[in-house]
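One structure is given here, and the rest of the page talks about it.
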Amino acid sequence: MKPQQLATQKFSEHYGYSAAQTVFAPGRVNIIGEHTDYNDGFVMPCAINYGMAVSFSKRDDSVWRVYAIDIDEQDEFDLSRPIEPSEHKWANYVRGVVKYIQEKCPEFKQGADLAMTSDVPMSSGLSSSAALEISIGKTAQVLGDLPLSLAEIALIGQQAENKFVGANCGNMDQLTSALGQKDQVIMIDCRSLEITPTPVPHGYSIAIINSNVKHDLVTGEYNSRRQECEFAAKFFGVKALRDVTPAQFIERAAELQAENELAYKRAKHIISENQRVLEAVEALQAKDMVKLGQLMAGSHDSMRDDFEITIPEIDYLVELAQVAIGKNGGARMTGGGFGGCIVCLVPDEKVEHLRRIIADNYEKQTGIKETFHLCTACDGVHLI
């Protein structure tokens with residue numbers, strides 16, 4: 001059963017009446033451009049056909065009752081009182097979004113009953129948290145008929161995750177969940193929020209292979225990577241690493257390396273990765289899948305060697321996928337790192353070959369069974 005149907009059904013069972021409306025917000029996969037978003041750089045993700053559905057109805061008071069179907073837990077809070085953190089981690093994503101919506105729209109106090117469910121695998125690097133934030137943001141916007149654009153809802157989601165949940169994420173995940181387009185990857189300039197849609201080439205599929213090694217950004221190494229990037233930006237005297245050209249980096253690389261080896265390696269990844277994203281857009285537009293595959297491979301190598309966020313299981317998955325796909329297409333780790341998924345752009349006629357190569361080898365080598373998802377690029381958050 002799809003999340004949209006499950007949310008509607010479980011809402012009725014839980015609350016004893018039918019939901020008025022349902023919102024769906026997709027997860028995302030990032031084709032190329034990793035950890036560049038919080039460096040004001042470029043990313044090239046697409047929204048995917050897995051996501052979070054929220055069924056909801058207005059109440060005649062200011063209380064939100066939120067039923068999390070997948071874990072059978074409920075949270076309740078009053079919009080007419082200051083919103084405090086909950087002991088349930090999932091509930092803080094909801095509370096955080098509502099809190100920061102109220103900062104922008106102080107008159108918003110509309111109560112509601114909500115039931116939500118997701119088919120985005122948790123801790124997979126496919127943005128289950130952004131899908132949750134954007135679905136809640138859109139729900140609040142509809143409930144209060146609030147004058148918020150989709151980009152504003154995305155930035156509120158990011159704010160909630162940064163300040164209320166405590167994960168120092170960039171804005172890519174939320175922007176993609178809010179602004180995704182059917183059959184398109186979207187290059188996002190994470191500073192200007194300008195979007196360049198580019199069609200997924202005909203005859204190619206997006207395969208996502210989950211290593212089933214879980215990652216946890218809040219307690220992981222994500223925040224230290226961010227600090228190392230900020231150190232490097234300060235070294236170059238710029239607002240963010242996006243402002244450093246490859247030539248400027250080369251000029252002072254030895255000096256930075258002598259001062260802070262880790263900051264040097266992190267900056268090397270970010271600056272080269274921004275360049276790869278810009279070249280990837282050109283490659284896609286030219287339907288040059290050999291070039292795109294090379295850029296994806298370069299991105300993975302840089303994440304492994306310079307940003308140091310891959311793990312052996314992920315590196316092995318990427319090696320298997322690259323062998324199976326060949327030159328026309330590519331594979332790389334996607335998401336924050338330390339587990340999660342790889343993304344592949346694969347010719348349709350090689351999808352089953354890829355699936356078989358992975359199935360025959362990955363579990364044998366690692367002792368972990370992978371999960372294989374074929375995805376389509378889809379629209380961002382919408383009412384159903």
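Glycine is treated like the rest: Cβ placed from N, Cα and C.
A quick note: this is a predicted structure, and the numbers were derived from the prediction, not measured.
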What does Swiss-Prot list, out of TYR204, TYR222, TYR264, as binding the same substrate as GLU34, HIS35, THR36, ASP37? TYR222
Provide, as an integer number of angstrom, the distance between the C-alpha atoms of ARG28 (site 'Transition state stabilizer') and LEU126 (ATP binding site). 5
For SER128 (ATP binding site), what residues in its own chain, 6 or more apart in sequence, show a Cβ-Cβ distance under 8 Å? GLY27, MET52, SER118, VAL120, PRO121, MET122
Site with most surrounding Cβ atoms, counting all protein chains shown within 10 Å, from the recorded positions GLU34, GLU161, ASP173: ASP173
Using DSSP and three states only, what is ASP37 (substrate binding site)? helix
Compile a sequence-ordered list of residues in the same chain as ASP37 (substrate binding site), six or more apart from it, whose Cβ lies below 8 A from its Cβ; state 'none' when nothing qualifies. VAL43, CYS169, GLY170, ASN171, MET172, ILE188, CYS190
Counting Cβ atoms within 10 Å of each Cβ, the densest environment among the binding-site residues SER127, SER129 belongs to SER127
Using the recorded substrate site (GLU34, HIS35, THR36, ASP37, TYR222) as reference, state which further residues of the same chain have their Cβ within 8 Å of the centre of those residues' Cβ atoms, listed in sequence order. GLY33, TYR38, ASN39, VAL43, GLY170, MET172, ARG225, ILE270, GLY336
